[in-house]
Each structure stands twice: as C-alpha cells, then as structure tokens.
Amino acid sequence: MEEECRVLSIQSHVVRGYVGNRAATFPLQVLGFEVDAVNSVQFSNHTGYSHWKGQVLNSDELQELYDGLKLNHVNQYDYVLTGYTRDKSFLAMVVDIVQELKQQNPRLVYVCDPVMGDQRNGEGAMYVPDDLLPVYREKVVPVADIITPNQFEAELLTGRKIHSQEEALEVMDMLHSMGPDTVVITSSNLLSPRGSDYLMALGSQRTRAPDGSVVTQRIRMEMHKVDAVFVGTGDLFAAMLLAWTHKHPNNLKVACEKTVSAMHHVLQRTIKCAKAKSGEGVKPSPAQLELRMVQSKKDIESPEIVVQATVL
C-alpha cells in the first residue's frame, strides 16, 4: 500500500473560481496528497471582482475546528500549508497549531506563503494590516520550513532592499537564518539576463550532508511575462512546490522546474481561453481569467519542462 501523505491547508475558499484552498487542493490531490482544508474565509468569489459576499473565520472558530480534529485523534499531518491571512490573532493561532503538530511529528514540513503585499508600478504596497508583519517576522517564519515570498515580502521580512541578484541571495541567506531551509522568491523586479520580457525568480535550499555540514543550492529561473492579471497563482505555486519538493526532497532545481513549468502551462491555457471568450481586442474579465485548473490536470500531474533553472 502506498504511504499516505496528508496536508492541512489553512487558506481562503471561494464558491466560484480558483484562489486559496480552491487553487491548492486540486493540484495536491492530483499529485497524490490527502488534503484537509480549513477555509479561513468563504467568499462568493475573489475580491478582484466588482462585488463579493461571504464570511470570515475568526481565531476562536479555527481553534474549535482544530479541537474537533484533536478529539477524534485525526490531527496527524505531514505538511501544513498556509497563505493569505488578514487577522493577527488568526495568524498567531496558526502558529500555535503548527507548533503543536510539530511536537507530534517532528518531521512535519510547514510551507508558508507570507502574503503581505506586492510591487505596483515600482512601488511596494502592503495589502494586509501593518500589524501582521511583526507576527510573520517573529513567529511565523521561525517555524516555517519552506517560504515563498515575492521580492517585496522578502524585503519586508528582512528589512533589506534588493537591487541585484547578489543582494537577493544575501536576503535569502538572512531568511534561512530566521528558520526556513527552503526559500523561493517567486517574483522579482530584477532584470532577467534574458531581457525585460522575462520575470526572474530565485531559490535557495539548505540541506545537511551526511558529515553534518550544510550545503546550499541556489537557483535562478526566468519565466516569460504574461500580459494579464491572474489571481490564485501564488496559492497554486506554493501547493505545487510542496508537492514537488516532497517528491524531490534534496533537489530544489528539479522541484522548481516542475512547479514553474506546470504554472506556465496553466497560465498559457488560461490566457488563451480568456481571450477566446472576451473577443479580439477586449480585455478579459476577472471571471474569464479564472485559472483553467481542471483542464490542466495532465500538465499538473506530469509537466513538460519548459523552464530550466540555472544553478548559481
């Protein structure tokens, strides 16, 4: 019998579309993982639409759900995955749950996308309350094993600006020293060696050699920019990175190539379908730009490698 690998995913849920748990659960299941989803919010759709309705889970309600799992002795996990959170007390409760689960299973891996903000027109802007930053910096990152910040979030966490690849590598080393063994800066403003049509991502993984010494693998990836605003891509990225680092535990290069290549296929299919629906010269709507997840099942399962990572 194949060994079961179980993920506790604490993220947002939408009725229509693919963000948060909706973007993470399907790919993880396709790749063979059991996923237990806690929905931090339940909205009709993501907030990029003109309207949305729904409910938000508070920290007491999160505790209640977790207590239910505990009472039935079904709170054994191999992974915890978290993404967008707006509430400080909710985030602190997540940390408490992760710490308790790690006491039960010291090999548990916590994958955290520290969603706080992004760069718009060259200026960084936070889209969560400012009081979340110290919680991420002091409580979340120290218990995380894999983190997937964008450049702006990596700068916030370390207090260091990134203007070059060298500075990005230094920032990743600072993040390693805060706790996580694997750091992937999922997008940056750095100029790619391949030109301005490409988006650059960087990764760094620390592993222990049999003699106890620490080995660091650093990689760079360049992805062709797509002229559209997608929502849920970070959630999909973190979920697939979880899956592929599990399957290739000491090879960040291969794990990232598979993750980014699958992303490429999903986004290309999405933009093609969106343009076909919107018509020539018309900007696709948020509904038309929802990720074509189900249609991309084969690409998620066994992605054709179209993005090669460079080992630095």
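The chain as shown is numbered from 1 upward.
Placed from the backbone N, Cα and C atoms, the Cβ positions cover glycine too.
According to Swiss-Prot, the feature N-acetylmethionine maps to MET1. According to Swiss-Prot, the pyridoxamine binding site annotation covers SER12, THR47, ASP235. Sequence annotations record features per position, and here Swiss-Prot assigns pyridoxal 5'-phosphate binding site to SER12, THR47, TYR127, GLY232, THR233, GLY234, ASP235. The phosphoserine annotation in Swiss-Prot covers SER59, SER164, SER213, SER285 and is backed by similarity to another entry. Sequence annotations record features per position, and here Swiss-Prot assigns K(+) binding site to ASP113, THR148, THR186. Summarising the annotation, Swiss-Prot assigns ATP binding site to ASN150, THR186, SER187, MET223, HIS224, LYS225, VAL226, THR233, GLY234. Per Swiss-Prot, ADP binding site is recorded for ASN150, THR186, SER187, MET223, HIS224, LYS225, VAL226, THR233, GLY234. Among the features that Swiss-Prot reports, active site, proton acceptor is placed at ASP235, with the record citing similarity to another entry.
Feature map: Swiss-Prot annotations on the structure.
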{"residue": "SER12", "record": "pyridoxamine binding site", "Cβ neighbours (10 Å)": "26"}
{"residue": "THR47", "record": "pyridoxamine binding site", "Cβ neighbours (10 Å)": "15"}
{"residue": "SER59", "record": "phosphoserine", "Cβ neighbours (10 Å)": "16"}
{"residue": "ASP113", "record": "K(+) binding site", "Cβ neighbours (10 Å)": "26"}
{"residue": "TYR127", "record": "pyridoxal 5'-phosphate binding site", "Cβ neighbours (10 Å)": "12"}
{"residue": "THR186", "record": "K(+) binding site", "Cβ neighbours (10 Å)": "27"}
{"residue": "SER213", "record": "phosphoserine", "Cβ neighbours (10 Å)": "8"}
{"residue": "HIS224", "record": "ATP binding site", "Cβ neighbours (10 Å)": "14"}
{"residue": "VAL226", "record": "ATP binding site", "Cβ neighbours (10 Å)": "14"}
{"residue": "THR233", "record": "pyridoxal 5'-phosphate binding site", "Cβ neighbours (10 Å)": "20"}
Response to the item:
Whole-number Å distance separating the Cα atoms of TYR127 (pyridoxal 5'-phosphate binding site) and ASP113 (K(+) binding site) is 14
Practice prompt. Return the maximum Cα to Cα distance in Å (whole number) over the record's ATP-binding residues: ASN150, THR186, SER187, MET223, HIS224, LYS225, VAL226, THR233, GLY234.
Written response: 17
Item to complete: Could you measure between SER285 (phosphoserine) and ASP113 (K(+) binding site) for me? Cα positions, answer in whole angstrom.
Response: 26
Fill in: Which of THR148, ASN150, SER164, SER285, all recorded positions, has a Cβ with the fewest other Cβ atoms inside 10 Å
SER164
Worksheet item: Can you check what DSSP calls ASP235 (pyridoxamine binding site), collapsed to helix, strand or coil?
Response: helix
Worksheet, complete the sentence: Comparing the Cα of ASP113 (K(+) binding site) with the Cα atoms of the recorded positions ASN150, SER213, VAL226, THR233, the shortest distance belongs to ASN150
Practice prompt. Under 8 Å Cβ to Cβ from ASP235 (pyridoxamine binding site), same chain, six or more residues apart: give me those in sequence order, or none if nothing qualifies.
Written response: GLN11, VAL19, GLY20, ASN21, ALA23, ALA24, GLY83, TYR84, ASP113
Worksheet, complete the sentence: For THR47 (pyridoxamine binding site), the closest of the recorded positions by C-alpha position, picking from SER59, SER187, HIS224, GLY234, is GLY234
Item to complete: Return one of helix, strand or coil for HIS224 (ATP binding site), based on DSSP.
Response: strand
Worksheet entry | Long-range Cβ environment of GLY234 (pyridoxal 5'-phosphate binding site), under 8 Å and at least 6 residues apart | GLY83, ASP113, VAL115, THR148, ASN150, THR186
Worksheet, complete the sentence: Among SER12, THR47, ASP235, which the record lists as binding pyridoxamine, the farthest-apart pair of C-alpha atoms sits at a distance in angstrom of 15
